[in-house]
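**Q** I have a structure here, written as structure tokens, and I will follow up with some questions on it.
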Amino acid sequence: MLIKNVSILQSGHLVLGQDIRIKEGKIEQIGPELQKERGDEEIKGKGKLAIPGLVNCHTHLAMSLLRGYADDMELMPWLEEKIWPLEARLTEEDVYWGVKLGCLELIRFGITCYNDMYYFPDVTAQATKEMGLRGFISGVVFDMKPELLSQVEPFIKRWKDDELIRPAVGPHAAYTCSEETLLRAGEIADRHQAMVHMHISETWKEVDGFLLSRGKSPVEYLDSLGLLNSRLTAIHCVWLSEEDCYLLEKRKANVVSCTASNLKLASGIAPLNTLMKAGVNVCLGTDSACSNNNLSLFEDMKVTAIVQKNAYHTPAAFTAEQIWQFATENAYRAFGLNNGMSVGANADLALIDLKKPWFYPQSNIVSHLVYSMAGGVDTTIVNGRVLMQNGIIPGEEEILEKAQQRFIRLTSED
Ligand SMILES: C[C@H]1O[C@@H](n2cnc3c(O)ncnc32)[C@H](O)[C@@H]1O
Ligand SMILES: [Zn+2]
């Protein structure tokens, strides 16, 4: 495949007239005037910017089926009164079409890899693979459904050698898993060197509960169980002490901030300034389309930048370049992804049509990507396979129809 005459970002500046040769799922060559080789599929890149694929570091993708189902509530009533009762009715087919609906949105927003925690992980993995996206997929584990823990290791064994899917371990949170459950989940992850995906310190009530009952924060408690390490994606981390921030860095844990979801649930604002000062690897996630309510990292980048600037009364903080790293390089580091606009990297990239008013004047492109990007990308490529070209995703219409049918069935008993 040869992407012709596209612009790329180099050190934050636009470099025009570049060609990108892709072979066997990798970027083989980048430069001007590359010769077309026999059999090369050519993609016209004139007027477009090629960006490395974005990584959504926290989703419950199948919850795209529940978008708009339960707004305007805080976390625990939202879960206990609305979400968990509805999820009790979920079938594998609901999850399959919900994941496909979510994949459509990820593709349209230039996201080539995502990190998921939900029910029926085999179905999530299969649907993701069919859509062509890279995914770190974990089956949720919590004591409400004790049978889920025993399904983790077989799931890992089934998917551990897949090219696009990386099986992970998903203990829901410290407040929904017993110590025994957390220890066993950690042992399984250690045995398979799998990523661990966990909601941590999302609300003040969660943290206050631990301080009162255990005399330590959730972060300190999880560290006492050996769960803090470089394979952990610690989701939310809104209510952290300074000691928690330095402990997360000491253990090289990754923090995933889900600003829009935190704000919509009125959970608070994560202390990203302290985390960055401590040297923690900070990434971004949208959480589900049921608490955001979309899966656009462009939107979460902008929201994170402006909310954090205001929180610290420092407009100069959280620059567009730093925020862009949250959604790209920091995420690649967290998941050990060989991604980026460089020779030998995975051919996971997106093309953005720059002929849009919000990209003019064509000056500070990273600023435009973070502060003014609107809509979606034009073309999305994962592992060298074109998933969307010129805004067209094959099979989209059927997925939209099926998702609508599944939502109607799922909520018909309400
Ligand atoms: C996977 C389970 O986690 C539930 N969930 C969805 N969003 C959140 C959140 O922000 N905090 C905690 N739990 C969440 C989801 O409904 C599943 O039950
Ligand atoms: Zn979540």
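Using the three backbone atoms N, Cα and C, a Cβ is placed for every residue, glycine included.
Predicted automatically and left uncurated, TrEMBL annotations should be read as such.
Quick paste from TrEMBL:
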- 50-386: domain 'Amidohydrolase-related' (DOMAIN)
- His58, His60, His199, Asp287: Zn(2+) binding site (BINDING)
- Glu87, His172, Glu202, Asp287: substrate binding site (BINDING)
**Q** Could you list, ordered by sequence, which of these binding-site residues: Glu87, His172, Glu202, Asp287, have a Cβ under 6 Å from ligand 2?
**A** Asp287
**Q** Within 10 Å of the Cβ of Asp287 (Zn(2+) binding site), how many other Cβ atoms can you find? Include all protein chains, please.
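**A** Neighbour count, Cβ to Cβ under the 10 Å cut-off: 27.
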**Q** Quick one: of the binding-site residues His58, His60, His199, Asp287, which has its CA closest to the CA of His172 (substrate binding site)?
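**A** With Cα distances computed to His172 (substrate binding site), the winner among His58, His60, His199, Asp287 is His199.
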**Q** For ligand 1, pick out the binding-site residues His58, His60, Asp287 that have a CB under 6 angstroms away from one of its atoms.
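**A** List returned for ligand 1: His60, Asp287.
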**Q** Do you know the mean pLDDT across the domain 'Amidohydrolase-related' (50-386)?
**A** 98
**Q** Given the binding-site residues Glu87, Glu202, which one's Cβ is surrounded by the fewest other Cβ atoms within 10 Å?
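**A** Candidates: the binding-site residues Glu87, Glu202. Fewest Cβ atoms within 10 Å: Glu87.
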**Q** Name, in the order they occur in the sequence, the residues of the same chain whose CB lies under 8 A from the CB of His60 (Zn(2+) binding site) and which sit 6 or more residues away.
**A** Asp116, Met117, Tyr118, Asp287, Ser288, Cys290
**Q** Out of these binding-site residues, His58, His172, His199, which one has the fewest other C-beta atoms within 10 Å of its own C-beta?
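**A** Counting other Cβ atoms within 10 Å of each of the binding-site residues His58, His172, His199 gives the minimum at His172.
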**Q** Taking the centroid of the Cβ atoms of His58, His60, His199, Asp287 (Zn(2+) site), which other same-chain residues have Cβ within 8 Å of it?
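**A** Nearby residues not in the site list: Thr59, Met117, Ile235, His236, Cys258, Ser261, Gly285, Ser288, Ser291.
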**Q** In angstrom units, rounded to an integer, how far apart are the Cα atoms of His58 (Zn(2+) binding site) and Glu202 (substrate binding site)?
**A** 13
**Q** What does DSSP assign Glu87 (substrate binding site), in three states?
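**A** In the DSSP reduction, Glu87 (substrate binding site) maps to helix.
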